[in-house]
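Asker: One structure follows; several queries about it will come next.
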């Protein structure tokens, strides 16, 4: 019995120390300037860690028009295909797009980090390190010419991965040969 109490106490402490808190969808809405700053700071922090170091990467900034476009994409709940180019062309500029889907609500930092972690399968100057791996999210996050972005989140209750995070980046990246 003493071991059970000790185990439960340790489990409670570990959950608290790992920052396990209940998230609410409203806590992650990108209309909140604090969330916008979290997203921008996470992107800029990760972009600074690119290896080899990039000399000409532009700093990301938030753009409300792009965020509205990302919101339209998130509201579609179409997790199988990206927004058509015509739906993510803003001011004549084609924007790139990343999706993150999850059955559990995750923070923006978690989703952005998951995109960035595709770097493990990418080699600069070569591309994907093996067939079938995803690296396009990573390359869009670090694309040197992208400097404006906006993101949105939506609950898609009829999807198995019901939480849908979308970021759009302008100008878009992933241009073959660059």
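Placement of Cβ uses the backbone N, Cα and C atoms for every residue, glycine included.
Given the structure is predicted, the values throughout are model-derived calculations rather than measurements.
Copying in the features that Swiss-Prot gives for the protein in this structure:
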DISULFID  77-156  disulfide bond
DISULFID  95-170  disulfide bond
DISULFID  151-167  disulfide bond
DOMAIN    41-169  domain 'SCP'
SIGNAL    1-22  signal peptide
Asker: With Cβ-Cβ distance below 8 Å and at least 6 positions apart along the chain, what are the contacts of residue 156 (disulfide bond)? List them in sequence order.
Answerer: 77, 79, 162, 163, 164
Asker: I'd like the per-state residue tally for the domain 'SCP' (41-169) from DSSP, helix first, then strand, then coil.
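Answerer: Result for the domain 'SCP' (41-169), in helix, strand, coil order: 45 helix, 32 strand, 52 coil.
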Asker: Whole-number Å only: compute the distance from the Cα of residue 167 (disulfide bond) to the Cα of residue 95 (disulfide bond).
Answerer: 10
Asker: Counting every protein chain present, what is the number of Cβ atoms, excluding its own, within 10 Å of the Cβ of residue 167 (disulfide bond)?
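Answerer: I count 30 other Cβ atoms within 10 Å of it.
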Asker: If I restrict to non-local contacts, at least six residues apart, and a C-beta distance under 8 angstroms, what lies near residue 151 (disulfide bond) in its own chain?
Answerer: 30, 39, 67, 70, 108, 165, 166, 167, 168
Asker: Which Cβ among the disulfide-bonded residues (95, 170) has the fewest C-beta neighbours inside 10 Å?
Answerer: 170
